[in-house]
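**Q** This is the structure, below, for whatever I ask next.
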Amino acid sequence: MSLTLEFLLLLIVLILSHHAHSGSIVKFLPGFEGPLPFELETGYIGIGEEEEVQLFYYFIKSEKNPEEDPLLLWLSGGPGCSSLTGLLFENGPVALKFEVYNGSVPSLVSTTYSWTKMANIIFLDQPVGSGFSYSRTPLVDKISDTGEVKRIYEFLQKWLSKHQQFFSNPFYVGGDSYSGMIVPPLVQEIGKGNYQINLQGYILGNPITDTESEQNYQIPYAHGMALISDELYKSMERICKGNYVKVDSLNTKCYKLIKDYQKCIHKLNKYHILLPDCDITSPDCFLYRYTLITFWANNKSVREALQVNKGSIGKWVQCNYKNISYNYDIKSSVAYHMKNSIDGYRSLIYNGDHDMMVPFLATQAWIRSLNYSITDDWKPWMINDQIAGYTRSYSNKMTFATIKGSGHTAEYKPKETSIMFKRWISAQPL
């Protein structure tokens with residue numbers, strides 16, 4: 001065998017070896033004291049024929065029994081928000097310490113509510129342009145809902161081919177907010193495309209499902225929460241006939257009533273109506289954590305620890321709304337829920353009851369439209385003998401739950417959300 005041929009064979013082996021171990025184990029994170037008490041892997045999966053799209057992920061093994069525990073793929077909303085927010089704010093094993101930024105790396109602390117105590121979780125930055133995900137070349141096609149479903153499915157297939165020990169684990173897809181448009185069709189795509197994946201179901205928090213319906217339900221929600229008067233609500237019902245989004249241009253009375261309504265709620269924090277509508281750069285603001293995460297993710301030592309490719313992106317932003325051109329080509333995901341129900345997949349749909357962006361009334365409405373019988377009627381679910389929310393189960397293996405006092409995402413009530421998840425994923429009653 002010639003030296004040239006031997007060299008080429010060696011090169012091929014090295015390339016294949018590199019691709020087979022594209023993830024990197026992270027044992028230390030800037031801001032966290034000592035070695036991480038869990039196993040974290042970060043890396044990229046190339047998507048497309050030339051792998052021009054590089055999707056970044058964080059993978060955390062279950063702290064209980066990773067060989068047998070469920071595998072969960074977690075998607076954040078937006079579209080365009082990094083899954084790092086889910087990891088550090090909602091359901092991960094570490095969180096940013098809430099303290100005033102002093103110029104150094106923001107501190108990380110261990111959490112007690114991590115979903116990784118009972119599941120392996122892949123936190124995926126998607127679509128391309130979110131978090132640390134990027135494209136090596138300009139995209140030919142505009143990013144879209146249906147396009148992302150296919151990209152994420154390709155990601156999952158390639159990720160599992162490099163982590164084959166997780167093929168047999170019960171598999172779930174989860175997310176919140178805008179991922180309500182992506183997760184149901186993704187479940188359908190996985191179900192029809194790859195029977196090797198042990199797909200069991202999906203989990204959605206405050207899911208955007210039908211934007212027009214959700215906006216219309218904000219008005220009865222506002223009335224129920226004493227944000228508008230009985231008189232205004234009844235007038236809006238009568239004159240606008242329940243349609244507050246696509247109003248007839250000749251219905252001037254309805255337009256006036258909507259203006260009166262907007263005066264009542266324009267300074268409201270719709271993501272959690274009990275919290276102030278405040279500047280996130282102020283340490284007094286609950287969402288000051290969004291300022292801290294921006295400092296943390298843009299720190300050079302953090303990027304090095306996470307093995308982020310140098311020069312791949314500029315400034316990390318929590319939600320990259322400005323730079324992602326997006327085609328919202330799925331107008332409603334209700335039909336996908338119906339198909340997933342027919343196919344027998346389990347689902348947990350939960351709502352923070354103080355979220356006005358996706359009011360629980362809207363979620364209940366589309367669940368009713370599936371027309372499945374109730375198997376376990378409306379009742380409180382409890383933690384330490386206290387009401388944590390309310391729940392109802394249906395014959396299509398769907399469980400609906402509210403989280404009392406929570407807002408648009410799990411970060412508002414992480415402990416309660418974690419307990420709810422633990423019970424559901426273990427097939428126990430909430």
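For all residues, glycine too, the Cβ spot is worked out from N, Cα and C.
I grabbed these lines from Swiss-Prot:
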type	residues	note
SIGNAL	1-22	signal peptide
DISULFID	Cys81-Cys319	disulfide bond
CARBOHYD	Asn102	N-linked glycosylation site
ACT_SITE	Ser177	active site
DISULFID	Cys240-Cys254	disulfide bond
DISULFID	Cys278-Cys285	disulfide bond
CARBOHYD	Asn299	N-linked glycosylation site
CARBOHYD	Asn323	N-linked glycosylation site
ACT_SITE	Asp355	active site
CARBOHYD	Asn371	N-linked glycosylation site
ACT_SITE	His408	active site
**Q** Out of Asn102, Ser177, Cys254, Cys285, point to the one nearest Cys319 (disulfide bond) in space (Cα versus Cα); all of them are recorded positions in the record.
**A** Ser177
**Q** Please report the DSSP secondary structure of Cys319 (disulfide bond), reduced to three states.
**A** strand
**Q** Give the distance between the Cα atoms of Cys254 (disulfide bond) and Asp355 (active site), rounded to the nearest whole Å.
**A** 25
**Q** Which of the recorded positions Ser177, Cys285, Asn299 has its Cα closest in space to the Cα of Cys81 (disulfide bond)?
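**A** That would be Ser177, nearest by Cα distance.
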**Q** Mind giving me a neighbour count for Asn299 (N-linked glycosylation site)? Other Cβ atoms within 10 Å of its Cβ, every protein chain shown.
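**A** I count 17 other Cβ atoms within 10 Å of it.
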**Q** List the same-chain residues at least 6 positions away in sequence whose Cβ sits under 8 Å from the Cβ of Ser177 (active site), in sequence order, or say none.
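**A** The list for Ser177 (active site) reads Ser76, Gly77, Gly78, Cys81, Gly205, Asn206, Pro207, Ile208, Met357, Val358, His408, Thr409, given in order along the sequence.
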**Q** Would you mind checking how many other C-beta atoms are within 10 angstroms of the C-beta on Cys254 (disulfide bond)?
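**A** Cys254 (disulfide bond) is surrounded by 19 other Cβ atoms within 10 Å.
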**Q** Does DSSP put Cys81 (disulfide bond) in a helix, in a strand, or in coil?
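**A** SS state of Cys81 (disulfide bond) = strand.
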**Q** Check the Cα-Cα distances from Asp355 (active site) to the recorded positions Asn102, Cys240, Asn323 and tell me which is shortest.
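**A** Nearest candidate: Cys240.
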